[in-house]
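Novice: The structure that follows is given in the form of structure tokens.
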Amino acid sequence: MNYQDNSLKSLKLGQKTEYASQYDRTLLQPVPRALNRDGLGITQNQPFTIGADIWTAYEISWLNEKGLPQVAIADIYLDYQSQNLIESKSFKLYLNSFNQSKFADFNAVQQTMQRDLSECAQGDVKVRLNPMAVYDSQKIDHLQGDCIDEQDIEITSYEFNANWLKDCVSDEIVEEKLVSHLLKSNCLITNQPDWGTLHIHYVGKKINQEKLLRYVVSFRQHNEFHEQCVERIFCDLMHYAKPEKLTVYARYTRRGGLDINPFRSNFENLPENLRLARQ
């Protein structure tokens, strides 16, 4: 997918950068959601009514007022209705800028991050900063559903093709949760691989799992950000399968101390953040 937009030309992705020695909110860089939504025809009216980009930030550190380093892990929920998503490398550089800066306590850091991220995204952002004790007991979790990956099929094309979903439903009405660990796309700017687990929960006509798997695999050489891929999958399923209810949720592997987990639904509440085996 080729995008031509001035907002992408200024991004730090793919460029040599220096790490800031002191806290700097100006390091954050926005990417307009309209960049992808215009092409999908959903800039004004999205088919999903609930959603967030759920980030886990593992590399957070700052100094307390006595100069002693502090560490934490953050859960960050960026509302789908925000004007912008946040470019991941700029997010990493921003978080690194806290390393040698003094803050009074956890709450001061959390409030600072929430303010800065909300301003960059031009929308609602929730930040929960967790001390290490919270994550010491966190288990490796999984997304519930039937895995569609173990099918004995031959794949010869890895170019994105939404037409794999054409005529993908039967007349049987079901409620299903389907999982694939084979979602792989590429960064829009750097072409680096993005590896994810895809979760689909729907109510409606039964979706043919072979067609769905071929569609998922077709993302393998596709270039878009994580958030854009999930919105594309949601729109394609609504167009071809026309379910009564739909949730699309992807959890991507960690890069640069961050994992990004976009969630879009027209009927389910936002999930609690969790951690999969590959995260």
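Along the chain as shown, residues are numbered 1 onward.
Placement of Cβ uses the backbone N, Cα and C atoms for every residue, glycine included.
Annotations per Swiss-Prot:
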- I86, E87, S88, H226, E227: substrate binding site (BINDING)
- S88, K89, R255, G256: NADPH binding site (BINDING)
- C187: active site, thioimide intermediate (ACT_SITE)
- D194: active site, proton donor (ACT_SITE)
Novice: If you count other C-beta atoms within 10 angstroms, which of the recorded positions I86, C187 is the most crowded?
Specialist: I86
Novice: So which binding-site residues are near C187 (active site, thioimide intermediate), with CA atoms within 10 Å, out of I86, E87, K89, E227, R255, G256?
Specialist: none
Novice: Determine the C-alpha span of the NADPH site listed in the record, that is the greatest distance between any two of S88, K89, R255, G256, in Å to the nearest whole number.
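Specialist: 9 Å is the greatest Cα spacing among the residues binding NADPH.
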Novice: Given the substrate binding site residues I86, E87, S88, H226, E227 in the record, what is the largest Cα to Cα distance, rounded to whole Å?
Specialist: 11
Novice: Pick the one among the binding-site residues K89, H226, R255 whose Cβ has the fewest other Cβ atoms within 10 Å in this structure.
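Specialist: Lowest Cβ count within 10 Å among the binding-site residues (K89, H226, R255) is R255.
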Novice: Among all protein chains shown, how many Cβ atoms are found within 10 Å of the Cβ of S88 (substrate binding site), not counting that one?
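Specialist: 25, counting other Cβ atoms within 10 Å of S88 (substrate binding site).
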Novice: May I ask which residues of the same chain, at least 6 positions away in sequence, place their Cβ under 8 angstroms from the Cβ of G256 (NADPH binding site)?
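Specialist: The answer is E59, S88, K89, K92.
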Novice: Say you check the Cα of D194 (active site, proton donor) against those of the binding-site residues I86, E87, H226; which is nearest?
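Specialist: Of the binding-site residues I86, E87, H226, H226 has its Cα closest to that of D194 (active site, proton donor).
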Novice: For E87 (substrate binding site), what is the tally of other C-beta atoms lying within 10 angstroms of its C-beta?
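Specialist: Result for E87 (substrate binding site): 23 other Cβ atoms within 10 Å.
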Novice: For D194 (active site, proton donor), what is the tally of other C-beta atoms lying within 10 angstroms of its C-beta?
Specialist: 23
Novice: Starting from the Cβ centroid of I86, E87, S88, H226, E227, which together make up the recorded substrate site, report each further residue of the same chain whose Cβ lies within 8 Å of that point, ordered by sequence.
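Specialist: Sorted by sequence, the hits are V31, D53, L85, F91, F225, I260.
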Novice: Please list residues from the chain of E227 (substrate binding site) whose Cβ is under 8 angstroms from its Cβ, counting only those at least six apart in sequence.
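Specialist: Non-local contacts for E227 (substrate binding site): R33, N36, D53, L85, I260, P262.
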